[in-house]
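Below is one structure; the comments refer to it alone.
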Amino acid sequence: MSPAMANPRVRKFNPIAFTPLPVTFITTIVYLAVLILVLVTYLVVPPAPTLEMSPKGVNLTEAWRDLQHLTEGFHPYNSRRNDDVHAWLLHRIEAIVRESAAADGGPEVFVFDDNLSNLTYSNGGVSKSPIVGVYFESTNIIVYIRGSEDDPQNWWEWSNGKPKGKGGVLVNAHYDSVSTGYGATDDGMGVVSLLQLLRYFTTAGNKPRKGLVLLFNNGEEDYLNGARVYSQHAMSNFTHTFLNLEGAGAGGRACLFRSTDTEVTRFYKNAKHPFGSVLAGDGFKLGLIRSQTDYVVFNGVLGLRGLDVSFIAPRSRYHTDQDDARHTNVDSLWHMLSVAIGTTEGLVSYTGTDFDSKTTDQDKVNSGGGTLGVWFDIFGSAFAVFRLHTLFALSVTLLVIGPLVLFITSIALSKTDRMYLFSMSKSLGGASETVSLRGLRGLFRTPIILTVTTVISIGLAYLLEKINPYIVHSSQFAVWSMMLSVWIFVAWFLARVADFFRPSALHRAYSYTWIFIVTWIMLVISTVYANQKGIAAGYFTFFYFAAVFLATWVSYLELFSLPRKGYYARQASRRQRRRSSSLSSRLLTPSADELPSDIGPNGAENVGDPDETDPTESTSLLRGQRTTFANYRTGGDDGVTEYTAEDEHVREASIFGHEQSWSWTLPRWTWILQLLLLAPIVIILVGQVGLLLTTAMSQIGSDGVSTFIVYLACALFSTLLFAPLLPFIHRFTYHVPIFLLLIFIGTLIYNLVAFPFSPANRLKIFFIQEVNLDDGTNKVSLTGIQPYLTDTINAIPSAAGQTANCTQGPFGSLVRCSWSGLPPRVVKEDPGNDQTMGPYTWISYNITRTVGKNEARIKVSGRNTRACKLKFDNPVADYRISGSAVDHRLPHTSRQGVEEIRLWTRTWENTWVVDVDWHSNPVNPGESKDGDEKQDVSKNELSGKVICLWSDNNESGVIPALDEVRLYAPAWVAISKSADGLVEASHDFIIQ
């Protein structure tokens with residue numbers, strides 16, 4: 001007799017069986033492999049090609065040198081360095097155009113240095129406050145590359161000239177930076193990408209079919225002024241599609257932030273390394289993302305259709321002095337450039353008419369109308385894009401078909417008497433005898449585990465929010481590790497305990513059924529949002545549910561391999577009768593403890609492998625007391641055939657542990673099919689969305705936003721990521737869960753006690769200095785979160801001995817603290833004039849009131865600046881800027897009136913002439929947007945402030961207070977601007 005026959009409990013190892021070792025090993029490998037790929041996609045930027053492998057017409061070495069030159073200093077609109085950058089860009093553009101002109105086959109190129117356009121508008125479309133007026137003068141640089149199919153005439157030179165033929169393509173980047181950042185990614189990489197696009201499309205063989213407009217806009221950082229004033233240039237009537245290149249982080253991959261429609265998004269598929277998700281765009285729709293880009297002007301004002309591509313992380317370097325070339329790399333530059341080349345090449349080569357049909361809004365270009373889209377990348381190598389309507393239709397179909405298929409399958413199982421799910425027992429014909437099936441075991445196990453693990457994860461989110469709320473700022477992956485490890489350990493522990501006391505072969509089927517129900521509800525919610533609000537962010541729930549449905553269906557189909565319940569019950573009853581007969585014939589009746597464990601009180605089999613002596617050649621094949629129906633065919637009903645010991649051995653080897661004895665015919669390999677159907681797609685899509693969310697939001701705490709939303713996202717996405725493990729986790733060995741328990745303990749301690757900021761992940765604190773020119777006093781204000789703001793102020797020498805005046809900040813948990821600081825030197829005084837004494841002469845203004853009317857003319861000029869503003873204690877009804885254009889597409893004023901007018905000019909120390917009227921549209925007395933009472937505007941008086949701004953921070957000693965803060969602030973603090981100006985000086989005025 002063979003060894004296997006000699007010992008019935010010896011099992012041949014099956015590497016794919018649903019047993020602990022294969023389940024633990026294969027599941028761990030699958031999860032690790034896909035998770036690592038997702039992480040690599042997010043953390044590793046594709047390498048830039050060598051010079052030899054670069055596309056024809058692209059020079060990355062030149063692009064990197066351009067970026068280094070561009071970021072040599074701060075260059076906000078209101079700085080001398082900004083003029084230098086403007087001149088340098090013109091020089092670089094002219095050099096590239098000359099080189100292309102020298103070569104044969106190059107296209108015509110026209111360069112417009114726009115020093116004529118200006119615009120007055122209200123910022124109601126950007127900010128929540130609708131009553132801030134803006135006057136802005138353009139210093140944009142516009143480059144037009146004529147396409148081979150464009151109108152050959154210079155139509156822009158004619159009075160009221162309009163382009164003929166198909167619309168062109170606009171690619172935009174802004175060359176101004178903030179006053180506290182060098183602008184390497186915001187938006188230096190976009191600017192040098194435009195220079196390389198100019199070189200690429202003027203290279204022989206790369207001539208565009210449709211015209212290409214490259215807009216180097218100036219003034220984006222201050223209310224998107226550069227893009228708005230572009231609307232006054234003739235080229236704004238020519239372009240129908242656009243690609244906006246932005247930077248809201250400081251490196252990594254350039255992300256497709258949002259798009260207007262499906263049709264234009266399809267051109268992004270041409271990108272060599274696509275990266276992004278529709279989730280970000282829906283964040284803007286839902287108001288979760290407050291900042292804006294030029295995208296809203298090109299689409300909302302001009303009616304163009306296009307894409308917004310931006311760097312998104314790390315935000316701790318955004319708008320700080322670490323947004324420089326040293327803290328980014330050529331790989332990130334290449335990623336943005338390759339995206340720009342691929343997308344733009346597709347747009348300028350398109351021959352269809354999708355972007356040239358008429359629109360219902362006559363104030364916008366005829367770019368046609370698109371459809372809402374769904375899009376996401378896969379490992380940064382492939383890109384999926386389709387219509388939201390398609391997703392809606394598929395979702396509705398699947399919501400109906402999924403339950404219907406399972407229902408029909410359940411009916412078929414019931415008809416064939418194999419529906420063990422929800423079956424407690426089986427009656428034997430008309431007799432009162434019943435056989436226990438134990439089919440309800442494991443029914444409520446999965447919802448209990450899901451609830452407990454999720455509640456614990458959310459509890460940890462609350463704990464972090466209370467104890468160390470900003471740890472995610474620098475330790476995002478420590479938080480992820482804590483959430484994931486505790487979820488898996490708790491789920492494993494609960495599943496193992498449940499399996500120990502109530503083992504069930506139906507654990508997988510019940511788990512998938514519950515996950516099916518939960519994901520069905522998720523898909524219903526996602527589908528409703530998609531249909532009613534056009535929100536596509538729940539796209540992953542469709543694929544999640546589809547995979548869960550297939551995996552659940554496999555579990556239901558498995559049940560067809562089981563014996564009929566009636567057949568199993570009859571065989572169990574026969575065995576009981578034979579056992580009773582055999583036992584009564586014995587001389588000694590064994591005690592209850594000696595009865596075989598597979599005989600239950602009602603005659604059903606209990607499973608298990610009780611200790612017994614090994615059979616010998618003289619042992620009966622019936623094995624005495626352990627009879628079985630293993631020899632009977634599952635399709636038989638009444639036939640009884642002699643079975644062999646070999647069948648008995650196969651049966652014993654097929655039943656796992658103490659699970660139901662009827663389960664021995666279940667396939668042992670289908671769990672792998674279910675794992676591969678569900679786990680990879682869930683990890684890829686859910687993991688991508690989870691990482692995108694937490695990466696974008698991990699550092700929102702420095703902006704005053706509660707970080708609980710980040711921890712909650714980690715908790716919920718942990719559940720979504722590892723819910724596919726629930727059908728298998730009870731089979732895991734203890735090694736992986738115990739290891740994860742140790743990781744949880746370590747990361748929990750770290751997350752609770754570690755300092756949340758570091759030199760690599762600094763806390764942003766916002767600076768402004770305000771000077772009262774009437775009495776010469778000044779105050780330095782820092783805005784940030786407590787207690788770290790106080791720690792920073794305590795390190796500043798000029799604040800020593802003073803009590804900082806702290807008030808609630810402009811948003812969320814931000815606090816603003818002020819003290820008397822070092823006086824600024826933004827205006828060079830005449831020798832012998834001590835500028836620390838007031839009054840200063842930095843601002844000149846004159847106010848003339850029209851006799852008999854509530855109208856006045858205010859003339860304002862500031863020294864060494866080109867940015868000022870008028871702030872009124874009560875809103876004025878209307879205003880006009882001398883020489884300004886007004887565009888009816890952009891709101892000029894509002895019914896609430898205008899409480900502030902911001903003035904920007906391309907000329908240094910310019911004089912603005914502003915006419916205001918506070919009579920034609922009076923504002924209700926005693927009302928203000930902040931809820932504070934103001935003076936009765938029915939009076940014929942108007943009071944307010946004349947303020948000028950200084951933003952040039954390139955020379956040490958000009959703003960000593962800022963130099964001091966940077967020098968003495970802790971290494972984990974980054975200084976960013978609090979407003980348009982670093983220094984604001986003001987005079988009070990009253991018009992009587």
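Heads up, the Cβ atoms here are built off N, Cα and C, so glycines get one too.
Lifted from Swiss-Prot, the feature list:
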TOPO_DOM  1-24  topological domain 'Cytoplasmic'
TRANSMEM  25-45  transmembrane segment
TOPO_DOM  46-390  topological domain 'Vacuolar'
CARBOHYD  ASN59  N-linked glycosylation site
CARBOHYD  ASN115  N-linked glycosylation site
CARBOHYD  ASN118  N-linked glycosylation site
BINDING   HIS174, ASP186, GLU246  Zn(2+) 1 binding site
BINDING   ASP186, GLU221, HIS319  Zn(2+) 2 binding site
ACT_SITE  GLU220  active site, proton acceptor
CARBOHYD  ASN237  N-linked glycosylation site
SITE      TYR318  site 'Transition state stabilizer'
TRANSMEM  391-411  transmembrane segment
TOPO_DOM  412-446  topological domain 'Cytoplasmic'
TRANSMEM  447-467  transmembrane segment
TOPO_DOM  468-474  topological domain 'Vacuolar'
TRANSMEM  475-495  transmembrane segment
TOPO_DOM  496-508  topological domain 'Cytoplasmic'
TRANSMEM  509-529  transmembrane segment
TOPO_DOM  530-533  topological domain 'Vacuolar'
TRANSMEM  534-554  transmembrane segment
TOPO_DOM  555-671  topological domain 'Cytoplasmic'
REGION    579-620  region 'Disordered'
TRANSMEM  672-692  transmembrane segment
TOPO_DOM  693-708  topological domain 'Vacuolar'
TRANSMEM  709-729  transmembrane segment
TOPO_DOM  730-736  topological domain 'Cytoplasmic'
TRANSMEM  737-757  transmembrane segment
TOPO_DOM  758-992  topological domain 'Vacuolar'
CARBOHYD  ASN805  N-linked glycosylation site
CARBOHYD  ASN846  N-linked glycosylation site
CARBOHYD  ASN954  N-linked glycosylation site
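Each of the glycosylation sites ASN115, ASN118, ASN846, ASN954 was scored by the number of other CB atoms within 10 Å of its CB, and the largest score is that of ASN118. Cβ neighbours within 10 Å of ASN59 (N-linked glycosylation site), excluding its own Cβ and spanning all shown chains: 16.
Using a 10 angstroms CA-CA radius around GLU221 (Zn(2+) 2 binding site), none of the recorded positions in ASN115, ASN118, GLU246, TYR318, ASN954 qualify. According to its DSSP assignment, GLU221 (Zn(2+) 2 binding site) is coil. In the predicted model, the topological domain 'Cytoplasmic' (412-446) has a mean pLDDT of 88. Counting in whole angstrom, ASN805 (N-linked glycosylation site) lies 29 from ASN954 (N-linked glycosylation site) by their C-alpha atoms.
Secondary structure at ASP186 (Zn(2+) 1 binding site), as computed by DSSP, is helix. Between the transmembrane segment (534-554) and the stretches 25-45, 447-467, 475-495, 672-692, 737-757, Cβ pairs under 8 Å are most numerous for 672-692. Within the same chain, the transmembrane segment (709-729) packs against the transmembrane segment (672-692): three or more Cβ pairs sit under 8 Å, each pair at least 6 residues apart. Using Cα positions, the member of the recorded positions ASN59, ASN115, GLU246 nearest to ASN237 (N-linked glycosylation site) is identified as ASN115. Taking the Cβ of HIS319 (Zn(2+) 2 binding site) as reference, residues of its chain lying under 8 Å away and at least six apart in sequence are, in sequence order, VAL178, THR180, GLY181, ASP186, LYS764, SER976, LYS977.
Distant neighbours of the transmembrane segment (737-757): 460, 463-464, 467-475, 478-479, 481-482, 484-486, 488-489, 492-493, 763, 788, 972-973; these residues of the same chain sit at least 6 beyond its ends, with a Cβ under 8 Å from one of its Cβ atoms. Only pairs six or more apart in sequence are counted, and the transmembrane segment (509-529) with the transmembrane segment (25-45) gives fewer than three Cβ pairs under 8 Å, not enough to call it a contact. Using the Cβ center of ASP186, GLU221, HIS319 for Zn(2+) 2, the list of other same-chain residues with Cβ within 8 Å runs, in sequence order, SER177, VAL178, GLY181, GLY183, ASP187, GLY247, TYR318, ASP323. Sequence-remote contacts of a segment are chain residues at least 6 beyond its ends whose Cβ falls under 8 Å from one of its Cβ atoms, and for the topological domain 'Cytoplasmic' (730-736) they are 18-21, 23-24, 27-28, 488, 492, 495-496, 498-499, 507.
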